[in-house]
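Engineer: Here Swiss-Prot flags 1-69, 123-251, 300-650, 701-716, 780-791, 842-947 as topological domain 'Cytoplasmic', drawing on sequence analysis. The feature transmembrane segment is assigned by Swiss-Prot to 70-89, 102-122, 252-272, 282-299, 651-672, 678-700, 717-737, 759-779, 792-812, 821-841, with sequence analysis given as support. Sequence annotations record features per position, and here Swiss-Prot assigns topological domain 'Extracellular' to 90-101, 273-281, 673-677, 738-758, 813-820. Marked as active site, 4-aspartylphosphate intermediate by Swiss-Prot on the basis of similarity to another entry: Asp337. Annotation source Swiss-Prot lists Mg(2+) binding site at Asp595, Asp599, citing similarity to another entry. Residues or ranges marked as phosphothreonine by Swiss-Prot on the basis of similarity to another entry: Thr946.
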Amino acid sequence: MAEDLDKPLLDPDTFNRKGIDLGILPLEEVFEYLRTSPQGLLSGDAEERLKIFGPNRLEEKQENRFVKFLGFMWNPLSWVMEAAALMAIALANSQSLGPDWEDFTGIVCLLLINATISFFEENNAGNAAAALMARLALKTRVLRDGQWQEQDASILVPGDIISIKLGDIIPADARLLEGDPLKIDQSVLTGESLPVTKKKGEQVFSGSTCKQGEIEAVVIATGSTTFFGKTARLVDSTDVTGHFQQVLTSIGNFCICSIAVGMVLEIIIMFPVQHRSYRIGINNLLVLLIGGIPIAMPTVLSVTLAIGSHRLSQQGAITKRMTAIEEMAGMDVLCCDKTGTLTLNSLTVDKNLIEVFVDYMDKDTILLLAGRASRLENQDAIDAAIVSMLADPREARANIREIHFLPFNPVDKRTAITYIDSDGKWYRATKGAPEQVLNLCQQKNEIAQRVYAIIDRFAEKGLRSLAVAYQEIPEKSNNSPGGPWRFCGLLPLFDPPRHDSGETILRALSLGVCVKMITGDQLAIAKETGRRLGMGTNMYPSSSLLGHNNDEHEAIPVDELIEMADGFAGVFPEHKYEIVKILQEMKHVVGMTGDGVNDAPALKKADIGIAVADATDAARSSADIVLTDPGLSVIISAVLTSRAIFQRMRNYTVYAVSITIRIVLGFTLLALIWEYDFPPFMVLIIAILNDGTIMTISKDRVRPSPTPESWKLNQIFATGIVIGTYLALVTVLFYWIIVSTTFFEKHFHVKSIANNSEQVSSAMYLQVSIISQALIFVTRSRGWSFFERPGTLLIFAFILAQLAATLIAVYANISFAKITGIGWRWAGVIWLYSLIFYIPLDVIKFVFHYALSGEAWNLVLDRKTAFTYKKDYGKDDGSPNVTISQRSRSAEELRGSRSRASWIAEQTRRRAEIARLLEVHSVSRHLESVIKLKQIDQRMIRAAHTV
C-alpha cells in the first residue's frame, strides 16, 4: 500500500479538482479512493499520509513577534506615558532650553522595560499553557496494525478507522460503518440544539458530540479540510472583553482621571495665578503623569494569573480559561457529583445481599448474566465491579458468541447484549437502572412492590441497586424484539466515601463555600451518604425542583429550597442546569462539577465549570477547569490557591491606586502652595525601581481570605484615597519641616539644606521612594504588616531597590536632574522619619476596613494562615485550618458581618456537625452493645487508653 501513496488522489486538493465528494459516495468507493479497509491502516502508511495531509488540527495564525511586542505598549496606561514622552521633547522645547531628552529617554526606557517583561512573561505563560493543554488534547481510539490504540486525535489521517462512543467529540470528518445509530449534537456547527440520528454510511463532522450509541467510522477529512476547518477559516476571531479586563479598565480610568484633575488644577493655578515659567510648569505636569500612572499594572496582574495557573496545575487543576481563577476565588456554592467526587467510584457487590426473583436461578447465575451484559474492555465502574465478581473475567463471554452489544446511554440507563449460547439458542441480557429494567418486564405489576421495597432497603444502607433481566429471541435475529423479558434479580452496589471527603466538606463550609450533593441516585442513598460524610441530610428529590413534591416542604419557594438544601437526588442533566440558573439568579457564584456529555450545558452555565478526572471529551470542552486528580480535596485546594492569587492582585491594585493619589495630591500641593518643583527624572527613577520591586508580588506569600472574594472597586478606590492622602500629607509635612523649621538640625545635628534646592530634591526623592515601596507591605497583609512575613523574593527586591535609592540620594550629583547628594546622616534621618510614619498605616488600614466591613479587629486577632499546597493537608501548623473563632460565631453575627452566602454556609456546617455527632453516637452505641454481648470489661479498655 505504501508505494501507492504518491498517487495524486491522495493529494488533499485532488478531490476538489476532480469533484469527488467522499461524503456521499458509497462506502465501498470511499475505501477504494482512500486505499484503506475496515481493518485500518498500517503504522507506516499512516506516517506517510501524515506527511501529506499534515496534523489533524486547525492551522494557527502565527503572530509577528515584533508586532506582539509593540502591542504591550498599546493600551490606555501606555498612551498616557507616551503622551508624557511627547511632552518632554515637544512641549518642553522652549526658552532656549531645547527638548528634555533625559526625561524622554527615561520614559521610553520605562515603557520598554514593562513591555519586555510582559512579552517574555506572556511567552513563558503561553508555553506553560500549551504544555498544560497538551495534557487535555483530544484522544481517540484508532485501529492501527490490526489493534485498537488510544492516540492523540492530531495523528489521524484519511483512511483511519476510529471508534466513536457516548461523550466523544468527533475528531475528524468521517463516514459511519457497522453499528448502532448515533445521536449526534451538531450545535457547534449548525446551532441546532436537538441531536440528529446518524446511521451506517452517513457522514459525521469534526467538532460535533456523540450523545448516544457506539460505532466505528472511516476518516475522510482531517484538519483544515474538514467541514469545521473550512468554516473556521471564514470566520475572524473576535476578542471578548471579560470581567477581569473591565476591572483593569476601571482601575486605569480612575488613575487617569485622578491625574487629569491634578493637571487641570496645576494648569489653572501655575500659569494664570502664579505666572510660573512654561518649562517648569511642563516639568510639574510630567511629574504627575510619570509618577501617577500604574504602568506596570497589566504586567503584574497578567503575570500573577499565569503563575497562579501553573500553581493550580501542580495541584491537579488545569485552567482552560485564565479568568476562571478570579471567579473561583469568589465561588460560594459548589454543586458536586456524589460518584467519583465525594465517593471513590470503586464499586463493590455484596454477593450475600443479592436478591433473586426467579426460582431456577441462583446468585451466581445472576452475576453471570450481569457479567455478560458488561463490557470486558473500556469498562466503566459498574462493568468493572460486576466482572471482578466472577471467578475469571473470561467467564462473561465463555461458551457464547456475542452478536451485538448495546452500550450505556443516559436515556435508556442500561446495557444489553445479544448472544448465542452453546446450544445455538439466542438470548438477550440486560443490566441497568431498576426502573428502566422493570419497565421492560412482563411481570412488572406482580413484582414492582417487592422490587421497590428491596431498593429502599438497600438505599437505607447507602447501597445502589442494579437490576438484571433476560429474554429469549425465538426469531434468532438481532433486530427482533424477542420474547417477554424476565426480571432476574437485584444486585447491591456500594460506593465507599473518600477518606478525606468529610473533612474537606467541613473545610469548604468553613471557607464560606456551600457544598451541595447532586446525584442521580435515590434520595435515601443521598441522605445516607450525606450522613456518613457529615455534610447534612437536608436533601430533596429532583421533583421538588419542578414543584411536584407533595411533602411537608411543598410550601417552600423553589429558589429558597435550592439555596438551603444540602443536596438533591434523582437528578437529570436538565435539573443541574436549573439548579445553577436559580442559584445565579440569587447572586451566588456557582461552581459545578461534571463528567458526562449531558453535564455540558450545566458546566457552561456555571460560573466555574469543573470537569472531574476521567471526564468525557464533551465535559472537558465545556469546562473552565479540568481536574487531573479525583476527589473534592483538589477543588478546595484550588479554591484556596485561587483566593491567594486574587489576594495578590487585589493587594497590587490597592497599592497602585494609593500611589497614584499620593503622587498626584502630594506634588500638586507642593507645586501650588510652596511652588516646589520636583525633577521629573527622579520620578522616573522611583517608577523604575518600584516596578522592578512590585513585579515580585506575583510570587508573594499571602493569606487567602476565609470568605469568598470579589472585586469591590469602591472599597479599593476608597482605601487608595485614604492611604494615598495620608502618604501625601506625610510628604508635604516632611518638606515643610525641611524648608520652614530647624527640627531635624536641632534634634539630629544635621546641616541645613533648606536653601539648597538640589539637596532638598534628593531628600524628597529618598522619602518618597522609601514610603512608596514600603506601602506594599501594608496592602499585602490583612493583619499587622510587621508580623506577616512577605515572600523572600519581595523582601530581596525591596532591599536592593532601597539600597540603590539610598546610594543615589547620598552620593548622586546629577546636574540635569538637579539633585545633589545629602550624605549618610540625612539618609538616616529620612529612614527614621519614614519608619515612624509607616507604623500608623496599619492602624489606618484597620480603622478604615472596620468602618467598611466591621471585620478588621477580628483579622487583627485572628492570624491563622490558610495554605495553598495540597501536600500540606493534615498538618497542624501552617495548614489551611480555618479560624476556630469563625466557627463559633453566632448566626446573628454572621448576618451582620458577612454575605448571606456565608451565613448559609455556616448553617450548613452546623447541620453537618450535628449529622457527624449522630454518626459518632450511633457507632458508640453499636460498640457498647458489642462489648456487652462479648462480656468485655470496659474498665480494662479505658485503662489501656488513658494517658
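Cβ coordinates are placed from backbone N, Cα and C, and glycine is handled just like the others.
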Engineer: Please identify the stretch among 70-89, 282-299, 651-672, 821-841 with the greatest number of Cβ pairs below 8 Å relative to the transmembrane segment (678-700).
Structural biologist: 282-299
Engineer: Quick one: do the transmembrane segment (821-841) and the transmembrane segment (102-122) have at least 3 Cβ pairs under 8 Å, skipping pairs fewer than 6 apart in sequence?
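Structural biologist: No; fewer than 3 Cβ pairs under 8 Å.
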Engineer: Give residue numbers and ranges for long-range contacts of the topological domain 'Extracellular' (738-758): same chain, 6 or more residues beyond its ends, CB-CB under 8 A.
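Structural biologist: Sequence-distant neighbours of the topological domain 'Extracellular' (738-758): 674, 818-820, 822, 825-826, 828-829.
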Engineer: Which of Asp337, Asp599 (the recorded positions) has the most other Cβ atoms within 10 Å?
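Structural biologist: Per the Cβ count within 10 Å, the most buried is Asp599.
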Engineer: For the transmembrane segment (651-672), could you work out the same-chain residues 6 or more beyond its ends whose Cβ comes under 8 Å from its Cβ atoms?
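Structural biologist: Distant contacts of the transmembrane segment (651-672): 251, 254-255, 258-259, 261-262, 265-266, 269-270, 274, 284, 287-288, 291-294, 297, 300-301, 304, 678, 683, 690, 694, 697, 700, 702, 716-717, 719-721, 723-725, 727-729, 731-732, 735, 768, 772, 775-776, 779-780.
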Engineer: If you measure Asp595 (Mg(2+) binding site) to Asp337 (active site, 4-aspartylphosphate intermediate) at Cα, how many Å is it?
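Structural biologist: Asp595 (Mg(2+) binding site) and Asp337 (active site, 4-aspartylphosphate intermediate) have their Cα atoms 9 Å apart.
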Engineer: Give me the Cα-Cα distance between Asp337 (active site, 4-aspartylphosphate intermediate) and Asp599 (Mg(2+) binding site), rounded to a whole Å.
Structural biologist: 10
Engineer: Over the topological domain 'Extracellular' (813-820), what is the model's average pLDDT?
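Structural biologist: 80, rounded to a whole number.
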Engineer: Tell me, how many other CB atoms lie within 10 A of the CB of Asp595 (Mg(2+) binding site), whichever protein chain they belong to?
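Structural biologist: Neighbour count, Cβ to Cβ under the 10 Å cut-off: 25.
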Engineer: Secondary structure at Asp599 (Mg(2+) binding site) (DSSP, helix/strand/coil)?
Structural biologist: helix
Engineer: DSSP-wise, what's the residue breakdown of the topological domain 'Cytoplasmic' (701-716) into helix, strand and coil?
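Structural biologist: The counts are 4 helix, 0 strand, 12 coil.
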Engineer: Give the helix, strand or coil assignment DSSP yields for Asp337 (active site, 4-aspartylphosphate intermediate).
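Structural biologist: Where Asp337 (active site, 4-aspartylphosphate intermediate) sits, the three-state DSSP reduction gives strand.
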Engineer: Quick test of the contact rule: Cβ under 8 Å, at least six residues beyond the ends. What residues does that give for the topological domain 'Extracellular' (673-677)?
Structural biologist: 274, 276, 280, 283-284, 735-736, 739, 760
